[in-house]
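Some notes on the structure that comes next.
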Amino acid sequence: MLDRSFTRSPGQSQAATQQARALQEDLFKVQYELDDLQHKYGGLEKSYHELKDKNRELSEKVLRQTDYDIIKDERNKLREDVHRFEVENKR
């Protein structure tokens, strides 16, 4: 004889099946959202590294420009000194 505590009526079985399907749909939605977030994170991480590299390049360029400006200023001062020296020696 069957123990009635382990058997389900057709209505209970249908409700359990619907509940399982709803849970499975929720699981698929969560998995889709997780995949979407991982894709977005990957894109953000790539952008971060690209911006970091660009910042490094621009910083190096600024340093080179600063060095160039310093050298140019020193050259101009030397030219002025040479010119002054030449003018003084002509007297």
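Using the three backbone atoms N, Cα and C, a Cβ is placed for every residue, glycine included.
Checking TrEMBL for region 'Disordered' across the ranges 1-20, 61-80 points to 1-20. Summarising model confidence by region, the coiled coil (20-88) averages a pLDDT of 95.
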